[in-house]
Amino acid sequence: MRTSRRSLLQTHNRTAYAFLLPWLIGFFCLTLGPMLGSLYLSLTKYNLLSSPHWIGFDNYKTIFSDDSTFTHSLVLTFKYVLLSVPLRLIFALLVAMALNKGIRGLGLYRTVYYVPSLLGGSVAISIVWRQIFDSEGIVNKFLGWFGIAGPSWIAHPDYLLYPIVALSVWQFGSSMVIFLAGLKQIPADLYEASQVDGAGKIRQFFRITLPMLTPVLFFNLIMTIINSFQAFTPAYVLGDGRGGPLDASMFYTLYLYLKGFAYFDMGYASALAWIMLIIIAVLTGIVFATSRYWVFYGDGKEGR
Amino acid sequence: MLTMRRNYSAAIKHILIILIGLAMLYPVLWLLASSFKPNQDIFTETGLWPHTFTFDNYRNGWKGFQGVTFARFFGNSALVSALAVLGNIVTCSLAAYAFARLEFRFKKVWFSLMLVTIMLPYHVTLVPQYIIFSELHWINTFYPLIVPKWLAHDSFFVLLMVQFIRGIPRELDESATIDGCNQRTLYFRIILPLLVPALITTAIFTFIWTWDDFFSQMIYLSDLKLFTVQLGIRALFDPSGSSDWGALLAISVLSLLPITIIFLAFQRYFLDGIATTGLK
């Protein structure tokens, strides 16, 4: 009995690992190996032509003490994340709530609002965005109706960040769809009961909708932060592709790309990548750590 | 009286939602309308509807540059996307089946590693991956864009399918086992047919992400003959401002067409897929 069971487990093992084989190869050759590889390379000077030259922590030292572009790109990316993530989630939540209450034509509206998320990642839309925010573009014409003279959003380094943020906020549809699904899960009798108790709409929102939605919000927040940090195409196409004008489009990923693939300073680029990984991990960690104070799980295990 | 007031407020709400929706769609409509305008009208005409209607932009844009037409670029994009979709469907479902249904040693370890890789920014593996692919002489080939998909590199879809398979009743497996299925035939006869909705969701998202994946395409492809649509558009576009805008916008419209058609055709899978898994 015992031996047959063991051999059964062995065949199970073998079949399971056969099924898992492509993923395992991918994990070792494309994820774990390269991760360790880039950790090693970040401690070297390497330009792809000659073999890596060990320099210890010099790359990191230079980055933190003597690289103003790094500081600038980090600040810029943080600004972008801090502006675009909350705006995007607030828009998504507001529209989702407007669409939620058994509205007619929901399917059509949902589709229309999702279209930007669908197309927004393409080079084509980034190019369109340049025109819309051009100094003669529709945005400034619209502002003109109210007597506001809009700046040249694209060409002026002080303003370039805002069209890029707008492009991200414009794609709130994907978060909205997730919110819609979350809203549907909230039992209607909670609202009825609170109405009987005399709660108004605003109170219902803060006491029922928002708490019940926190798990979805939590998930959305983490994914949006991680994705926003990696934004590349908008910065590349709305700027001039080299971080300009005056480094106004020098997002972190763009800087990393330029270091690695334009200047072929692969060691330096790897160090930048590891710093980015740590930043994202810390941000995610903070959101996770605070989650027990604000994320409410309906199953009674509050925040655990 | 009350119902009338309710009707009014509902109508106002609809109008508001439609207006915001139109504003949201404006960039797309502008792109579509401008692609049919003659070059000199694109930036002077305020209205969307073209006064003079022309297909010249499409003809000019399609010509491409240096003797390579956009037919080639579209063909390249289609080839890469199709092979990527196939790879993800095959390998992710294999891995997902193992995680969801089979028992094996170190399962928990592998599974948590899989979850971690979902959150990993790809930049941290970028440089060594580039080195590996260049050692294999795969720069300026499509392999770097396709092979990772055949190694279930997009763990996200593995997780999506694991969750889907967990929803399939185990009784089906058991009765199939009694009827003589082993673990291999279970996958083909029971799991795979029932997994079709998740496979479609995976296929759609893989297609769109591969089609739009400007970054990797730019890094790995520099030979004009291998250019994808995204690279073609970027090459047509000159940030300093002397682009042939009509042609550029016409090609942009064409580049968005495949994604839009697939989205409209598979909307249900699409939006439900996002809702249940929180994709993108």
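Glycine too: its Cβ is placed from the backbone N, Cα and C atoms.
Sequence-distant contacts of the transmembrane segment (A:20-43) (same chain, at least 6 residues past either end, Cβ-Cβ under 8 Å): 52, 54-57, 59-60, 266-267, 270-271, 273-274. Sequence annotations record features per position, and here TrEMBL assigns transmembrane segment to A:20-43 (among others).
What TrEMBL lists as domain 'ABC transmembrane type-1' is A:74-287.
Remote same-chain residues near the transmembrane segment (A:80-99) are listed as 106, 109-110, 113, 161, 164-165, 168-169, 171-173, 175-180, 183, 205, 209, 213, 217, 220-221, 224-225, 228-229, 231, 251 (criterion: CB distance under 8 Å, separation of at least six residues from the stretch ends). The transmembrane segment feature in TrEMBL is assigned to A:80-99 (among others).
Packing against the transmembrane segment (A:111-132) from elsewhere in the chain are residues 95, 99, 138-139, 154, 163, 166-168, 170-174, 176-177, 233-234, 236-238: each is 6 or more residues past its ends and has a CB under 8 Å from a CB in it. Sequence annotations record features per position, and here TrEMBL assigns transmembrane segment to A:111-132 (among others).
Listed by sequence, the residues of this chain that lie at least six past the ends of the transmembrane segment (A:160-183) yet keep a Cβ under 8 A from its Cβ atoms are 76, 79-80, 83-84, 87-89, 91-93, 95-97, 99-100, 110, 113-118, 120-121, 125-126, 129-130, 132-133, 153-154, 209, 212-213, 215-217, 219-220, 224, 228, 231, 234-235, 238-239, 245, 248-249. Sequence annotations record features per position, and here TrEMBL assigns transmembrane segment to A:160-183 (among others).
Taken from TrEMBL, the feature transmembrane segment applies to A:204-226 (among others).
The transmembrane segment feature in TrEMBL is assigned to A:271-295 (among others).
Same-chain residues lying 6 or more positions outside the transmembrane segment (A:271-295) and placing a CB less than 8 Å from one of its CB atoms are 38-39, 42-43, 59-60, 63, 70, 74, 214-215, 217-218, 221-222, 225-226, 229, 252-253, 255-256, 259, 302-304.
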